[in-house]
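Participant: Structure incoming, see below.
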Amino acid sequence: MKLFKRIALPVLAVILIMALGYKLRLSGFNSIPFPGESLDEYSNAWVGLSMIRLGVPVGMSGLPGYPVQDSRYINVDRVFQTTANGNTMQMSYPWFDHPPMMGLITGGFSYFKGARVFEDTTAVTIRKPVILMSTLTIGLAAYLAYLLFGWETAIAAATIIATSPLMVINSRMVQAENGLTPLFLLSLILLWWYEKKGGYTFLTLLSMTIGLAMLFKLSAVALLFCALALIFANVKKNSATRWQEGLIVSVIALSVFGIFVISALAWDFSTFVKVFLANSGRAYGIGLSALFDLITNTKITAVKFLTDGWPLTGWLGLAILTRMDLRNKAWYLWLPIFSYLAVYLFFGSEPFGWYRIPFLPFLLIVSGWLTTAFIRNMHLTAVSVVTLLIPLGINLEKYFDVHKLIWLIPAWRLSCLALIIGALSLLMTDQANPKVKWAVYATMFVLFSLVIYSNILRAGMFTVDYWYKVN
C-alpha cells in the first residue's frame, strides 16, 4: 500500500494529466493556429517528404546562397485564400536552412498517411506527431520535477504545462523547437542519473540525445553547453574525470550531428556553406530589448501574441530559487534556461514565438515549485498565492472580454484581498496547529483547481472567430 501511494498513485496522476494535455492540444488543432500562419510548418514537412520521395530536401527559404530558387503556388489547406496573401512560395533545394529531423518525422508521417505531393501535407496530418511529442514533454517535465523537488511539484508542474494556454497552442505547431524540447528534458534526466549512478551507459545515452536534438535545429547546441556546464560544476569529481566526461559527451554528440554534415557533402557542400553563412548573418533582436521582450511578451508567431501569466511567474520564480538552499538542484533549472538564453540571443531569435518554446517547460517547473512552496514552508503561502493569482487574473480578464459577467470583477477583488490577508496572517498564526495546516491545504487546493479550470476555459475559447481577435 505504501508503495502504491508513493509511486503508483503519482504516476497514474501524471498519466491522467498527460491525457488531459493531449485532449486540449488535439481540440481544434487543425484550425488554430491558422494553417499557413507560419508557412514553415508546411516547409518542414515538405523537406521530409521530398527526402523520402526524391532523396533531396526541398523546402521554402528566403536565404541567399541556393543555386535553385523556384517560385511556386502550393495551395495546401487553401492557404492562398486565407493566410498566404497571394505571395508565391520561394522553393529551394537542396534545402539547408536547418537540420531535417522535424521534416523527416512530419513528412514521414504524411507519407505513411498517403501523402505523395506537397499539397497532401495538410495541417490535420502534419500537426499530429508534434502533439504526441508535446504530450511526451509533459511527462518528461513531470519526471524531472520529481527528481528535483518531489511528487507534489511534479504533479503541479505537469498540470500547469498540460493546461497553460500558451503551451497548448505552441505545442501544435510543426516547429523544430517542439522536437528538441522533450530531448532537452530527457538529456537532463539522463545526466541526473549518470551523476547518481555512474556508468557510461547513461553518459552515452545523454550524448546521443544531445546529438539527436541538434538534428532538429542547431540551437540545440544549448543542450551541449548545459550538459558540459553541469558536468564541470560537479566539484565532487576531480578535474581529469570532468574533462574526460566532457570530451566524451562532446565527441559523441557532435558525431551524431555530423550525419547532417555528411549528408550535405553528398548533396551540395558548397551550397551548405553558403546557406550556413547566410543564416549566421541574420539579426533580429539583440541586447536588453530582446531580453525584455522575451520576459514581458508571450508570442505564438512573429505577429500573434497570447498573454499567459505562467511564464512570467516562472521568470519571477528564478530569482526566488537562488535564495533557497537547494544545493545543486537549482542548477538543473538555471543552467538549461541560461544556456538556451545565450543561444537564443546569439542567434537572434526574438521575432518568432516558437523560438521560445524550449524555455517554457523549465519556467513552468519553477512555477510548479512556487505553487507548492507552502507545503514545504507555511511561511511561503503568500508566495504560492501570488503565483496562482497572476495567471488566474489574466485568464479571467480574457474570459471577461468575451463573457461580460458583471459579478466577476467584485468577486475577483474581494477574493484577492481575502487570500492575501489570509496568507499574510499565517505569519502570526500557530502553524503547527493541524486545523490551520489543513485549512491552508484545502484553500490552496481549491485555488489551484480554479486556476487550472480557468486555463481549460481559456484554451476552449480558441475558436476560429476568437483567433482573429488575438493580436
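In case you wondered, yes, glycine gets a Cβ from its N, Cα and C as well.
A TrEMBL annotation is a machine prediction, not a hand-curated record.
From a predicted model like this one, the values you see are computed outputs, not experimental measurements.
I grabbed these lines from TrEMBL:
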type: TRANSMEM; residues: 45-63; note: transmembrane segment
type: DOMAIN; residues: 97-257; note: domain 'Glycosyltransferase RgtA/B/C/D-like'
type: TRANSMEM; residues: 130-148; note: transmembrane segment
type: TRANSMEM; residues: 154-171; note: transmembrane segment
type: TRANSMEM; residues: 178-194; note: transmembrane segment
type: TRANSMEM; residues: 214-235; note: transmembrane segment
type: TRANSMEM; residues: 247-267; note: transmembrane segment
type: TRANSMEM; residues: 330-347; note: transmembrane segment
type: TRANSMEM; residues: 353-370; note: transmembrane segment
type: TRANSMEM; residues: 406-426; note: transmembrane segment
type: TRANSMEM; residues: 438-457; note: transmembrane segment
Participant: Take a look at 45-63, 130-148, 214-235, 247-267, 438-457 and tell me which one has the most Cβ pairs under 8 Å to the transmembrane segment (178-194).
Facilitator: 130-148
Participant: For the transmembrane segment (353-370), what are the same-chain contacts with Cβ under 8 Å, counting residues 6+ beyond its ends?
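Facilitator: Hits for the transmembrane segment (353-370): 38, 137, 140-141, 144-145, 148-149, 153-154, 156-161, 164, 166-167, 170, 173, 175, 177-178, 180-181, 184-185, 219, 222, 294, 298-302, 304, 310-311, 313-318, 320-321, 333, 336-337, 340-341, 344, 347, 383-384, 387.
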Participant: With pairs restricted to those 6 or more apart in sequence, evaluate whether the transmembrane segment (154-171) and the transmembrane segment (45-63) have 3+ C-beta pairs under 8 Å.
Facilitator: no
